[in-house]
Amino acid sequence: MAIVKLSVIGCGYLGAVHASCMADLGHEVVGIDVDAAKVAQLNAGEPPFHEPGLGEVLRRALDSGRLRFSTDMADAASARVHFVGVGTPQQQGSYAADLTYVDAAIDALVPHLHAGSDGPAVVAGKSTVPVGTAARLAEKIGDAGVLAWNPEFLREGFAVQDTVAPDRLVYGLPGDDAKAAVARDALDAVYASILERGTPRLTADYASAELVKVAANSFLATKISFINAMAEMCEVTGADVSFLAEAIGHDDRIGKKFLKAGIGFGGGCLPKDIRAFMARAGELGAEQSLTFLREVDSINLRRRQHVVNLTVHALEGRVPGKPVAVLGAAFKPHSDDIRDSPALDVASRLSGLGAKVRIVDPAAGPVLRRVRPDLDVRDSAHDAVAGAHVVLLLTEWPEFRDLDPVELGESVEHRTIIDGRNVLDSAAWRAAGWTYIGLGRP
Ligand code: UDX
């Protein structure tokens, strides 16, 4: 495999993983980020966030001498392919994506783009962007380099695996055939070892490649809100949504994955991506095409309030001063990410109602202590549940799923558990004397 010199601009979840994995595959990589503390941490071999397996890959790549991180964009100058993986958060007070970081990265990079013996430098956009962004950025880059759009589909918690063994690679290429060939060949060289394994590689125009990412995330969000809407129907009919999901999932046109009803989706991608997609559709005069996503979003947010209502009901309406244990703060297990986390949202709403919320999360605990000093963060589930009038399981960490209801029952004030993720063995908890409340389950 030919070694390619790469830069990765933006070393957040996406960039830090991409830089580490590409160096581990054998390429020579420099990761660039404006945050000096993050760069120092990465150079010391410490991932700035919790991601299984990343520490090992990062340290192996640093030890090989093929990976380093820098705050100086000039260090990217000798690279042939420049990946851009900076954040595109939701704008304050609007649904639209904030493209400030993408534009800043491209503006800073362009003066450092140089043609090499293999031809012009290739800029490969990875950030999730509103459709039309790549065409605009290509104008900005002009003749300084060739732009490709190469969306990333990694899931937090499986980021390393998803990067080195993706389901598919998608390249959005320029309309000009010669430029398209340059971009395609450069990306093929970067991903040679992945392509050798037969990974599907799909090429298209910029707009189609940009849309693949938001369409995939919209579909996943819709699937989750669909099953949560069915959970609402189960709640008014006494039916069981877990059974329903399994039974419809046997139809392989539907499939069993992403049909877990509960407190809904969160994180740094699905919520903001569907909102930015709606905003972009509005700008393009196609608002109607995506109005269903508005419903997907509101079904999702309704689940959070539903859990708050169930808790208030369990406390017989007397919330102020009542100890409530919240197990989980991250938006999903195996992550310390609390961005738009349903678990943290529910905990905050209960705290706002005056409950004495004690929250615990195996990975997000330290993050919470830093950014939410208002919350009572505990170190263990046993500590959080002591004296609790109700226990809420909101992030399905294995250590919470495996809790012993008999042992836990000895330290609570009232044996009431709300299973926000429908992962506990309801029969075992009931047998241990608990009032078990699942979502969309009788
Ligand atoms: C998602 C996409 O899966 C990934 O392909 C894309 O690149 C980025 O966005 P991620 O945000 O890491 O990845 O999380 P994901 O595993 O998709 O879960 C998103 C949320 O949905 C979590 O809060 C999770 O708890 C929730 N979820 C997922 C459900 O509520 N039910 C399910 O059945 C599945």
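Residue 1 is the first one shown; counting continues down the chain.
Yeah, the Cβs are placed from backbone N, Cα and C, and that goes for glycine too.
Record check: TrEMBL places D33, K38, T88, E156, K272, R339 at the NAD(+) site, and the matching candidate among T128, T133, T237, T311 is T128.
Between the candidates K5, K332, K356, TrEMBL assigns the substrate site shared with F153, L154, R155, E156, K213, F258, L259, K260, A261, G262, G266 to K332. Straight-line distance linking the Cα atoms of G266 (substrate binding site) and K38 (NAD(+) binding site), rounded to a whole number, equals 24 Å. Of all the binding-site residues in the list T88, T128, E156, R339, the shortest Cα-Cα distance to L259 (substrate binding site) is found for E156. Of all the binding-site residues in the record (F153, R155, K213, A261), the one with the smallest CA separation from K272 (NAD(+) binding site) is K213.
Annotation note: D33 (NAD(+) binding site) sits in a coil segment as assigned by DSSP. DSSP places the residues of the domain 'UDP-glucose/GDP-mannose dehydrogenase C-terminal' (325-426) in helix, strand and coil in these numbers: 33 helix, 18 strand, 51 coil.
Distance between Cα atoms for K38 (NAD(+) binding site) and A261 (substrate binding site): 36 Å, as a whole number. Cα separation, R339 (NAD(+) binding site) to K213 (substrate binding site), rounded: 19 Å.
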